[in-house]
Structure formats: structure tokens, C-alpha cells
Amino acid sequence: MNQTPGSTVPETATPVTSPASSPSAPETTFTPVIITGMSGAGLSTAARVLEDLGWFVTHNLPPQMILPLVEMCAREDSPVDKVAVVCDVRSREFRGGLRETITELEEKNLAPTVLFLDARDDELIRRFDNVRRTHPLQGSQTLQVGIERERQMLSDLKEEADVVIDTSELSVHDLRRAIESSFRTIAKRVQHVTIESFGFKHGSPRDADFIIDARFLPNPFWVPELRPFRGVDKPVSDYVLSQKGAGEFLDNFIAMLDDMLPGYRHEGKNFITVGIGCTGGHHRSVAVSEELARRLGERPDLDVSVVHRDINRN
């Protein structure tokens, strides 16, 4: 993903409802969004996508100015009904100030959805090198030092974020699709399930809540007439899903999700990522992901999307 390091992009957003700070606090469906994360992880892309979806987006607002902005936008007579704030380490008041602002918003029944964008160190270094820019925290030190400083500064915020997106393996188009799907989910007030197929040889998704290994199924790669196809093609899909254990696996996994999703919803976790892997990410994981998405997509309380990360990778 060729993204300017200082920019920012969001990941799937979770509708968060927090209790009123007092019995007289007004109920509201207004949910502000705070976009933050590692420099170079795609914050600007996220901001542009939200703007295209009708959000009012402000960039690099000091944390102490977020509360007045959100309160103004939350008023009944405000022309703005969706507001997102991009906040990164370039703000002098970032350290500690953002966490304090989030607490203040929660106390006023304006709990924000916090989106955190991340990427591997090696990928961040590559992106900075591509645009020949320095990291905002590196000073006279190396780029790696700047990234390490920022990662340490943001560790608590990442842990508490409602949504974390790892953009290391995402193209700009992949990230746009993920963001569009996630933010449309906010209005629906449903749980969003992203099913991501991948190849273990290329590494597992870092942002997955579940990692499922589909390598227990026979590999269509070794069937000459199926090798040129992919898991989205009917011959491969029929072959994979007809294997012993495939149907039982899907039934059991969905039953497990049925037990867990209500608990996730109660805890305010409305974005779940399921990673399904096989060797290369071309056949078994793709076919199983498509079938799982088809079954879950029939449910009105779920918004389901599918990403085939490695399907076109050699």
C-alpha cells in the first residue's frame, strides 16, 4: 500500500453504547469516531473514505478541542450528524490527552468509536523510505527508533481501541473496502464479521480474532484439473466442501460463534475478524471462507464481508 506516512486510515468501526453519566443524561445514537494509529499505517486514506461516505472529518485536532467539537455536532440543531477526528502523535498534547478526552466523552454519554490503524515495522519502514520522509518521533535517531517510540506511546490506546486494522498486507483498495463496510455497519447497529482467507506461507493476519486452519482438508492443488482454478470457482468449491469433515467443521464453528457473539455484543465488541488459512491461500481457505460467509450472511443481525488476501499471490 503506497500511503504517505503521516497520513491516517481507519478500520472497521464499532458502535459503542456507554451508559449515561447521570439519570438525566440524554440518550443519543450519535457516535463520534476517533481515528488514530501508527504514522504511515493509512490514516489519511481512512479519512478520505469517511468523507466520501458523508462524514465530517477533521485532521490533527488537539485532544482538548475534540470534546467541544463533538458536543457542538451532537446538538439537535447541528447540520453535522457524523463526525470523525484524526488524531496522531504530531499533536503536542497527544500523550495522555487523548485518553483523558475519551474518558470525558464517555462521561457525557458521547462515547466514541476508536479506530486504530497498525502495520508491521518493516512495512512502515518501507513506506517511509518510499516517500523519503522522516518519522515525526525519530528526531536525530533512526527511523526504527521513531517507530519504536511511537509504538510504545500508543500501546495502551491500541489495547483499548474498539477496532484495530493491520494494513500491512492491504492495498489502498482493500483498505477502502474494509472501511466502507465497517462504517456502514455503524448505522445498522449490527455485528460485523469479516472473513479473511489467507495462506500460512505468507503469514497469518495479525488482526484476526480467530485463526482457523483449513489444511485438514485435501488440497485441490494436487488435482491436475483443479490446479488452475481458485476457491471461488465452482469446481474447486464443490471439491473442497464435499470432503469429509468440511460440513461438520462449518456447523461446529458456526455453533461456537452462536455461543460467543452475544457475549461480544454485550462487551461492545461488534467487529469480529475470522482468519481461515490453507497453504497458499488459493483453494481450501477461499472455498471455506465463501461458504461460511454465505451461511452467516443469511442472518439479519450480522453484516458479513469476505477478503481473500492471497488469492492472486503467486
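Counting begins at 1 with the first residue displayed.
Using the three backbone atoms N, Cα and C, a Cβ is placed for every residue, glycine included.
Annotation comment: Swiss-Prot describes GLY37, MET38, SER39, GLY40, ALA41, GLY42, LEU43, SER44 as ATP binding site, evidence class sequence analysis. Summarising the annotation, Swiss-Prot assigns GTP binding site to ASP88, VAL89, ARG90, SER91. If you look up Swiss-Prot, you'll see 7-29 marked as compositional bias 'Low complexity'. Annotated region 'Disordered' per Swiss-Prot: 1-29, in sequence order.
GLY37 (ATP binding site) carries a strand DSSP state (E or B). Spatially, by CA atoms, the binding-site residues ASP88, VAL89, ARG90 include one closest to LEU43 (ATP binding site), and that is ASP88. The CA atom of ARG90 (GTP binding site) is located 12 Å away from the CA atom of GLY37 (ATP binding site).
Nearest in space to VAL89 (GTP binding site), taking C-alpha to C-alpha distance over the binding-site residues GLY37, GLY40, SER44, is GLY37.
A gap of 7 Å separates the Cα atoms of GLY37 (ATP binding site) and ASP88 (GTP binding site). Taking CA atoms as the reference points, ASP88 (GTP binding site) and ALA41 (ATP binding site) are 11 Å apart. Residue environment of SER44 (ATP binding site) contains 17 other Cβ atoms, counted within 10 Å of its Cβ in all protein chains.
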